Structure formats: C-alpha cells, structure tokens
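To start, the structure under review is shown below, and the notes come after it.
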C-alpha cells in the first residue's frame, strides 16, 4: 500500500490539477474563455490545509484586507481578459473623474427637475406638472413607465457589473479603477429611476402600486444578458444597451414635446444625456480591448450577437399580465420610441465606431468573425423592415395595462 502524501504535497498536486494558468486554482475553471463545457473544481479543506500552508502555496492569505488579491489569484475564468483590462485601468481611473459626474452640488439631482414641495408655490408648481401630463396620451405613458421600471431594476445591473471578472468590488469599498467605475456608474444611474418615479407619482395618471409591484417582480426575477462573467462580453453588452436606452429616453422626450409636456421633455433629455456619456465610456473600453486582443473581442462579439441582445426588462411582470414586456414593447414599436430598425442601427454604429471592417492582422478565426459581424447590420435591417411591413398590415389590438388603471393602449 503506497504511503499517504504529505499535506503540502497534496496541496501542490491539487493546485496543479486545478489550474489552467499561473495562479488560477481553487475555483470552478473553464478551459476556454468562450465556453464552460469542460470544468474542474477543487475545495480546500481547512482541517487538512492550514491558512499558513495556503499562503505559502498561493501567495495570499485569508485576511479581509487581502480578499481582492486572493480572488484575483484563485477565481478567474478569463485570466487573459482580466490581464487586458487591467492594462488600461489607468485610463479608466481618469474616466471616473472625467466622464462620471462628481457627487453633491456639482451634479444634477432629481429634485432639480421636480416641484419643490418646500416652497410656498408648491401647489402651483405641481398643478403645472399635472396639467402638462394630462395632455400626454396613455400609450406614451405606458412606454415611459416601462422605461422607468427598467431603470428601477438598478440593483440587478450593479450585481451584473460585479460579475465581470477583474471589474468587481469584492469588499464594497475597493479602490481599484474598475470598482470605482462600477460604483460611480451606479450612483449616476440611480438618479434616473428616482426622477421618473417621482414624476409619474406627481402626474396622478398612473397606478403607482401596480408599477411598484412590477419593479419588485423584475428585481426578484433577475437578469441574465449572457455575459458569463467575461468583461469582454460585459462591455460589448453595455456598449449596446446604453445606446439603446439613450435612444428610447430621447424619443420619449421628443414625443413629450409634441404634446407640450416641456418638463417631461427636459427630464428625458437629461437622462438620455447620461446614457450617452456612459455609452461612450463602455465603447471606449472595447476600443482599448481591440488594440490589445482583437481576436478575443471579435470572438465574443460574434458569439454574443448569435444569441441576440437580451433586453434588461424582458422578465417584467405585474403579476397579472404574463406578456407584459411584449405588450409594452409593441406600444414602443408603434410609437417609434424603440424599434427593430434601432436594433440594426445600433449594431451598425458599433461596427463603424470600432472600425471592425478595417482591422488587420487577425487570425483565420478572427477574420471569419470580422466578416460575420460586418454583415450583421444589413441582415438585421432587412429582417426589421420585413417584420415592420408585416405588422403594418396587422390589426392593432390594444392591451389593458394595470400601470394606467387598466386603460388600454
């Protein structure tokens, strides 16, 4: 019977068996940045391996202060992707201050665009808002509410950001560039739901309880955009989605102006401006990745587009309408707030912005993805036009929405 190995030898063997690269161990691992079809996992038993022995092997200990370092060395599925984004972290550090607004007096707040109930004329201010809102049709309010519900699911999106490897905030106050970006982005986005929520409440046109139920359901249901913890995929998704929300809020604002709701127009324009800045930031991140790993980013871009972009509110429900998202989307499409053509236009914008067609020095796989991605805008535009032309011939069936006291839109 062979002799039992020492604890240290056993630990060394475990590290070797569990790793796919330097310092990657003690966690479920993938042998490919693009899939997780083959995984290995290992568990450290503290009764067998002491903290000191773990520190000797891995170079980090179990103290709270070094948690971020420990995770960095033991838990990455995409070590190359993490290395790439860390390479331009100094740029991200600057962008936190240059693109994200400062907090406090130097940044706009929801109250800047709402009646001030502490003032003597608060009744007149509120009446003006309600009078203007009265002229906004129900179908536009349905789209506004859907956009607001999407914004209010912010806890889900911050959770998503913290799943992107190398971008997480493991202790809640991590001072890395990526953690600062995540918290700063969240603080800005938080204003959007607050502002729209208060506007809808003051308008008196909506069933706020039904809306609040929808928000709670959406946060409870969660959200999976297919990022797979990969920062490449995460930034590709946010590059697309920030532009989509900019378009949607901007178009709601334009329609509000048509109906003389100038205050609502200003609100939507301000939020769209935030989304536009955030869009530029995430697209800049992808630009930096392309400089360092074009094959890697194109592989994820192509794979993400084959599955199509998951909209963040697709799981919304008010507990009654099982097709609430589809019904809300249909109204948005009819109003031209966000359409299938916008989807195609966003892809075209990203392809042009990143100059995908001009990339050289790619691998054979990279060239295949390049050709596929560059053909996508025309393909989606044809599909969108075909779908929209078909819908023109279909009878519009209005649906009731609990958000507006079961009126139809």
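Here the Cβ of each residue, glycine as well, is placed from N, Cα and C on the backbone.
Quick look at what TrEMBL annotates:
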- 1-25: signal peptide (SIGNAL)
- 151, 189, 192, 275: Fe cation 1 binding site (BINDING)
- 189, 242, 275, 278: Fe cation 2 binding site (BINDING)
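Residue 278 (Fe cation 2 binding site) is surrounded by 22 other CB atoms, counting those within 10 A of its CB over all protein chains shown.
Least crowded of the binding-site residues (189, 275), judged by neighbouring Cβ atoms within 10 Å of its own Cβ: 189. Shown in sequence order, 154, 188, 191, 193, 245, 249, 271, 274 are the same-chain residues outside 151, 189, 192, 275 whose Cβ sits within 8 Å of the Cβ centre of the Fe cation 1 site.
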